[in-house]
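Novice: Following this message is one structure expressed as structure tokens.
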Amino acid sequence: MTTVLLLLLLAFGAYLVAVLENWTTCGRFRLAAPVLAGIALLGRESILTRKPDRIFFEVAPVLLLLSAVLAAAVVPLTPNLIITDLATGALFINAALVYVLVALLMAGWGPDGAYAMVGGWRFLGQLIAYSMLIVMPITAVAMRAESLFTTQIVISQAQLWNVLYQPLGFVLFFIAAMALAFLPPFDLPTAKGELAGGVEAEYTGVRLAVFRLGRLALIITLAAATVIFYLGGWQGPWLPPWAWSAIKILAVTATMLLAGRMMPRIREAHLLAWCWKLGIPLALLNIFLVGVLVLVFP
Amino acid sequence: MTAQMFFIGFFGLAAVWFGVVVFRTFSMVRSALALLFSQTALGALFLTMQAEFLGVLQIMMMATEMSIMAIFMVMFMMDPGGLGEMEMTHQKRLSLGTGIVSFLAAVAVAVFVDWGPVANAAPGAAQQTVDLGLELLGRSMLIFETAGITILTAMIAATAVSINKPLDSGIRRNDGKGKASKRPANDEH
């Protein structure tokens, strides 16, 4: 029952992300646009490239959707509204999200097209820069909560939210989450302007619909993860827990989408250099600072 | 219990099957990803045996590792796409022999070693994580953790130092005076 409810919520979240993302481009029927676009995609012919790697081509969109859904399975929206509260929850989110990389690699390699392949390899380069930045702030979060249970992590922020306790970690995690969801300005793998859609380029019809749905689910899952790790999850005054979860997740999603719009796309080499020279050392510093704080003020 | 047995068998066979696929394809990338899914099936096997931490860790680590392996294989091997039907097996006789011997050794260890009494129930997942940490590191925990962080910092520092500042045009080269010189990309002739 909870599972069905949460999956419906995830689908609704994906719909909201699609509405927000195309707010300025859809004209009058903004609220209906994603649904109509989805129906149009489902009705369209699925075109295969000339010599595709069939298995990779077919599996990639499903794997992308699956990893987003699996990561969402350990995200609590209220103290009880969670599919499964694993003892390794924080680690499990990571484990599920790493397969986004595999999915995009497959999507890039599968169709046997130049644009798609460049997109796939670009995402790999991007993630070589950012996967450590996803994990290291979560380590600091788990250090404070002294647990990997996601619910425990939320409860540990009852007095002070992690965004104030470890602001550095929050900024790094937020940026890394945007890079993982390949949102602009980190949309190197799908770059519409230069790669004609990149990994999406050869996908059409149902496969493209699943791929896009997977990406939207990924964005909302990452926003939810940011909320439970740094913004106190369901906690807040006056309103019921579910309302706080919803408000925070939507706010984070909107910030992610808006922040991307304001920046130009970053080049791969810059991305790698900045991340390894600045981002990862700062993440180590964050772990050190949180370690000292945890020891000094237990 | 029967469901658990079924899934143990299922993931075990899946791991073996993907292991076979590694040598049956003619493409580097397919081979690397088949290896990845073989390892993922092993992780799932841990999960079905209620070793949660080990399972999740295995599943998490392998995905990045195998993806990076794929990019390196494509970079360094001829014919990465497998269009020329590249053979994935090497030194067949030696590897067959090694494979059979190590399989027999593993079976012998599994059958003949005295594993002690059979555990009826696994400890809770959180308790397992604690137990595992103590079992692996014992009272040297602090030393190991410090060493781990130090090695990690050294690795990151080495990588960061070796990245040249990206330039907008041309290739940056080291002219031996500790100062990189900026030259146009096509100054070879």
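Think of each number as a place in line: the chain as shown, counted from 1.
In case you wondered, yes, glycine gets a Cβ from its N, Cα and C as well.
Remember, TrEMBL labels are computer predictions, not curated facts.
Under the heading transmembrane segment, TrEMBL lists A:28-43, A:55-77, A:89-109, A:121-143, A:163-183, A:216-236, A:242-259, A:271-297.
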Novice: Against which stretches of its own chain does the transmembrane segment (A:28-43) lie, if we need a Cβ under 8 Å and a gap of at least six residues from its ends?
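Specialist: Sequence-distant neighbours of the transmembrane segment (A:28-43): 15, 18-19, 22, 205-206, 208-209, 212-213.
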Novice: Looking only at residues six or more beyond either end of the transmembrane segment (A:242-259), which have a C-beta under 8 A from one in the stretch?
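Specialist: Result: 13, 16-17, 20-21, 77-78, 81, 174, 177-178, 181, 183, 219-220, 222-224, 226-227, 231-236.
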Novice: Flag the pair the transmembrane segment (A:121-143) / the transmembrane segment (A:163-183) as in contact if three or more Cβ pairs fall under 8 Å (sequence separation 6 or more).
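Specialist: Touching, yes - the transmembrane segment (A:121-143) and the transmembrane segment (A:163-183) meet the threshold of 3 or more Cβ pairs under 8 Å.
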